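J.: Okay, handing you the structure first.
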């Protein structure tokens, strides 16, 4: 092997280790709770944190259970959004939780980083508004009368605090000495895109006040969107993600579209560095489970269809008996009574 090839292999290995470490904090999702943390020494025992995250944990003990919930939200949403794809966000009981999938510069890794940073920002913001955290509360910068004539009141979600904490905790590995590497630039961009998915979908919720339900006075507050909406938005960004490459721009390195004919990506778009594998065959070492045994849709021409999901291997068809409620009747007052019925359905699974 030539010296240049050796150097390239070493760089790829460093990037892989670097990227795996950056996402290891997602292992917190495997814990039932970290709310019982009451001593700084406990932070040292939390699996998956790098040293600077351990230091943040010690300074922010009360916030760590929100970080855990954010990690759980991210994994659950990833599995929902990718439920019909060849790679369906399957997790492992080891580090990193998504296997080596997140160590590659693919669009799947881009989504994982985006939804993870969004999960932390979302969970910490909601914890602020619900009064769980002493360090933050409602957003008091929103007040007075709006141009639309309603009164800002109630508890507006403190998204600024949630985003700031996510930036400090999630981005800490990339902002270290390797922050100029291609993967660090990619991860930082996608982390920020995840948080922007919340910011751009913030909504206004209102309550009317008046006699007999009239709306003589309307008070409103800003609220984060449902996390499912954030997931949908980021899944759309995944579908339209931009393949990029590092390039020297002035005195710094930046990511630019690999295809010069494509328009530049925005801060809200997802970016990736390399094509994805096909995820067809099981590769336990990489954390890829393959698609054998997966349920597929015989009539669909999309990615959930048997032809694509099964990677051309064909599929098995079996008659499966499903139990379901039927003949439901409302009884006064007040309950619904149903019978249990059996129904035969065809189930298709990949060979």
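Using N, Cα and C of the backbone, Cβ positions are placed for all residues, glycine too.
I grabbed these lines from Swiss-Prot:
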type     : residues : note
DISULFID : 78-89    : disulfide bond
DISULFID : 128-136  : disulfide bond
DISULFID : 138-155  : disulfide bond
DISULFID : 206-220  : disulfide bond
DISULFID : 208-215  : disulfide bond
DISULFID : 280-311  : disulfide bond
DISULFID : 296-306  : disulfide bond
DISULFID : 310-350  : disulfide bond
DISULFID : 326-341  : disulfide bond
DISULFID : 328-338  : disulfide bond
DISULFID : 333-334  : disulfide bond
CARBOHYD : 88       : N-linked glycosylation site
CARBOHYD : 297      : N-linked glycosylation site
LIPID    : 212      : O-palmitoleoyl serine
SIGNAL   : 1-22     : signal peptide
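Tell me about the setting of these features in this model.
T.: Around the Cβ of residue 78 (disulfide bond), 27 further Cβ atoms fall within 10 Å across all displayed protein chains.
Summarising the environment of residue 136 (disulfide bond), the number of other Cβ atoms within 10 Å of its Cβ, over all protein chains shown, is 20. Mapped onto three states, the DSSP output places residue 136 (disulfide bond) in coil.
When secondary structure is read from DSSP and collapsed to three states, residue 155 (disulfide bond) falls in the coil class. Taking Cβ-Cβ distances under 8 Å and a sequence separation of 6 or more, the neighbours of residue 155 (disulfide bond) in its chain are 129, 137, 138, 221.
In this structure, residue 206 (disulfide bond) is part of a beta strand by DSSP.
Just so you know, the Cβ of residue 208 (disulfide bond) picks up 12 other Cβ atoms within 10 Å once every protein chain is counted.
In sequence order, 86, 290, 291, 311, 313 are the residues of the chain that are 6 or more apart from residue 280 (disulfide bond) and have a CB within less than 8 Å of its CB. DSSP assigns residue 280 (disulfide bond) to coil in the three-state reduction, placing it in neither a helix nor a strand.
The Cβ of residue 296 (disulfide bond) lies under 8 Å from the Cβ of 304, 305, 306, 309, 310, 315, 348, 349, 350, each of which sits 6+ residues away along the same chain.
Following the DSSP three-state reduction, the secondary structure of residue 350 (disulfide bond) is strand.
In the shown protein chains, 11 other C-beta atoms lie within 10 A of the C-beta of residue 341 (disulfide bond). In three-state terms derived from DSSP, residue 341 (disulfide bond) belongs to an extended strand segment.
Its own atom aside, the Cβ of residue 338 (disulfide bond) has 11 Cβ atoms within 10 angstroms in the protein chains shown.
Within its own chain, residue 334 (disulfide bond) has no residue 6 or more apart in sequence whose C-beta sits under 8 angstroms from its own.
DSSP assigns residue 88 (N-linked glycosylation site) to coil in the three-state reduction, placing it in neither a helix nor a strand.
The DSSP secondary structure for residue 297 (N-linked glycosylation site) is strand.
All chains included, 4 other C-beta atoms sit within 10 angstroms of the C-beta of residue 212 (O-palmitoleoyl serine).
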J.: Could you tell me the C-alpha distance between residue 215 (disulfide bond) and residue 338 (disulfide bond) in angstrom, no decimals?
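T.: On Cα coordinates alone, these residues lie 41 Å apart.
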J.: For residue 220 (disulfide bond), what is the secondary structure state per DSSP, taken as helix, strand or coil?
T.: strand
J.: Could you state the CA-to-CA distance between residue 136 (disulfide bond) and residue 89 (disulfide bond) to the nearest Å?
T.: 33
J.: Around residue 138 (disulfide bond), how many other CB atoms lie within 10 A of its CB?
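T.: There are 17 of them.
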